[in-house]
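J.: Quick one: the structure is below, questions incoming.
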Amino acid sequence: MDRETIVAASRKHDVVPLEGGKYYTYGTAGFRMNSDLLDGITFRVGLLSALRSRKLNGQAIGVMITASHNPAKDNGVKIVDPMGDMLEQEWEVFATGLVNCPSHEVLADTFFKIAEKLKIDLKSPGKIVAGRDTRPSGITLMQSLIDASNATNTSIVDFKVLTTPQLHYLTRCINTEGTPSSYGEVSEVGYYKKLNDAFQRCLRGKRVTGSLTVDCANGVGGPKLKELLKHVDSSKTGLDCKVVNDDVLRPEVLNLDCGADYVKTRQRAPPNPKPQPGDRWCSLDGDADRLMYYWIDPESGFFMFDGDRIATLAASFIADLFRTAGLDEDLRIGVVQTAYANGASTKYIEKHLQLPVVCTPTGVKHLHHAACAFDIGVYFEANGHGTVLFSTEAMQTFAKKEPQSPAQKDALDTLRALGDLINQTVGDAISDMLMVEVILAHKGWSLRDWAVTYSDLPNRLVRVEVGNKDLFQTTDAERKLSHPVGIQDEIDQCVKKYTNARSFARASGTENACRVYAEAQSRSEADELANKVAAIVKNYGGA
Ligand code: 16G
Ligand code: MG
């Protein structure tokens, strides 16, 4: 690997400098922006992955090219660590450092400096596994990545079009292949086979009833879900899936008036095709790592089952299985949420399910990390991203424990199957959807039964334009502002005037704005509180 080769390769992939001394940062979603700006950035992410792979003894590093629920013109690039989790936080600064190098020469020098500082043997082999969503810009960005791997003698496996969770799955599979902790077959088909096998084992002869319509946001989830369905025997499982909004041939319709983000932020079903009263629906987002369920209640209209609802459903089912299996003394189940979780869901988990709840800052990496502290960690963001993590110890206990009755055996087998069904690397809309179907089938629940478990507090999310969002610094898992000084007191004074109310403000991690969340006993109180807190934020935020 030599400097000249890297410099020459980099010349083909310029980075567009930002104006006014601003720089690109590796955020919660990696680098994400208009796809025209991403060529050089993706090349440099390739360089970083080449370093990271060698630092981790040649284990494969995943790179996913996607902008998730963002408009079709955007794209993004994100690094996945060998076990399928997000890039270790300490390395985000190196990503930011490489991407903002002012010239190709400085870039090459920085590359070698990082290698030296971290004692990376550049002669050892390195490996990258890559995937992209259906955005056309992903094809050229993949080439930028390939050029970076060629310039650094790093091997690259291009899996082409994948959902984000599939890339996470494949990264873990490659790195565990042939070991006792093998995560599955290293192929897309292996992913479908694993899900289908676990789905059948989870159902244990029970059948899914009624049909399910899946809105795929016109993204990669459409073709991939249809692929999965070829493997599912609906005569055995009862799964009757209708796939809609699966047009990936017209890039401009991606995430347009459909998808999980649309449903969550607009709090309504996609206009087209229109769900009929009583139908069971769910929506995936553009890269299939978020899930929203909903239905039109024939009496009261649209009702949404967001990440909080999915988390409570999963936690209650698993806690029941634990009790039946006699494991509630041995292993700990916990639920991880963010400040955006509806207060009613938190209360339900703590008071009704009697399970501990941990609150973390927004962003999957924080939730994932906190969930690892439990034997079974259920984590979901309200926006529908989440999963259930089963520790190695938990999986071993399910396998080893001698059942004392047929009911215990059944519970232990179901738990093991759930551990295989639920993606252990990251939130996976397709895997989560199968989990929801399994749980509803086991409980014999309709969506109405699920809806009445608790009532959400009315809430409102407001986006506030501010001069400088970096003035807003949070503490207490984003539930309070430490800066600007004095602002939190004003918010507290305001919240006090409302019943059962809560409100917080934070700087967005993905755009230049602040977000204000408020909930209260009634719709009008929640709206009023959100607007008042937004006005306070605006006041402190500069022009
Ligand atoms: C990113 C995060 C998502 C979070 C969202 C918040 C990942 C993979 N994605 O999309 O979890 O909910 O940012 O956006 O961590 P915000 O900071 O703009 O509110
Ligand atoms: Mg997504």
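Every residue, even glycine, has its Cβ placed from backbone N, Cα and C.
TrEMBL does not curate its annotations; it predicts them automatically.
Pulled the feature table from TrEMBL, pasting it below:
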type	residues	note
ACT_SITE	S68	active site, phosphoserine intermediate
BINDING	S68, D285, D287, D289	Mg(2+) binding site
BINDING	E381, A382, N383, R506, A507, S508, G509, T510, R515	substrate binding site
DOMAIN	59-90	domain 'Alpha-D-phosphohexomutase alpha/beta/alpha'
DOMAIN	112-177	domain 'Alpha-D-phosphohexomutase alpha/beta/alpha'
DOMAIN	198-291	domain 'Phosphoacetylglucosamine mutase AMG1'
DOMAIN	306-445	domain 'Phosphoacetylglucosamine mutase AMG1'
DOMAIN	461-535	domain 'Alpha-D-phosphohexomutase C-terminal'
J.: Would you mind sorting out which binding-site residues among D285, N383, G509, R515 put a C-beta under 6 angstroms from ligand 1?
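T.: Cβ < 6 Å from ligand 1, in sequence order: N383, G509, R515.
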J.: Spatially speaking, which of the binding-site residues N383, A507, G509, R515 is closest to D289 (Mg(2+) binding site)? Use C-alpha to C-alpha, please.
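T.: Checked the binding-site residues N383, A507, G509, R515; minimum Cα distance to D289 (Mg(2+) binding site) goes to N383.
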J.: Under a three-state reduction of DSSP output, how is R515 (substrate binding site) classified: helix, strand, or coil?
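T.: DSSP call for R515 (substrate binding site): strand.
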J.: Distance check, please: Cα of A507 (substrate binding site) against Cα of D287 (Mg(2+) binding site), rounded to an integer number of angstrom.
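T.: On Cα coordinates alone, these residues lie 24 Å apart.
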J.: Between the two most separated Cα atoms in E381, A382, N383, R506, A507, S508, G509, T510, R515, the residues recorded as binding substrate, what distance in Å do you get?
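T.: So the maximum pairwise Cα distance among the substrate binders is 17 Å.
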J.: Most CB pairs under 8 Å with the domain 'Alpha-D-phosphohexomutase alpha/beta/alpha' (59-90): which of 112-177, 198-291, 461-535?
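T.: Checked against 112-177, 198-291, 461-535; highest Cβ contact count belongs to 112-177.
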J.: Given S68, D285, D289, G509 as the recorded positions, which ones have a Cβ positioned under 6 Å from some atom of ligand 2?
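T.: Listed by sequence, the hits are S68, D285, D289.
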J.: Within 10 Å of the Cβ of R515 (substrate binding site), how many other Cβ atoms can you find? Include all protein chains, please.
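T.: Here the count is 22.
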J.: Could you name the residues, excluding S68, D285, D287, D289, of the same chain that surround the Mg(2+) site, i.e. Cβ within 8 Å of the Cβ centre of those residues, in sequence order?
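T.: Filtered neighbour residues, in order: T66, H69, D133, T163, T164, G219, A260, L284, G286, A288, R290, H385, A429.
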J.: For D285 (Mg(2+) binding site), identify the closest of the recorded positions S68, E381, N383, G509, judging by Cα separation.
T.: S68
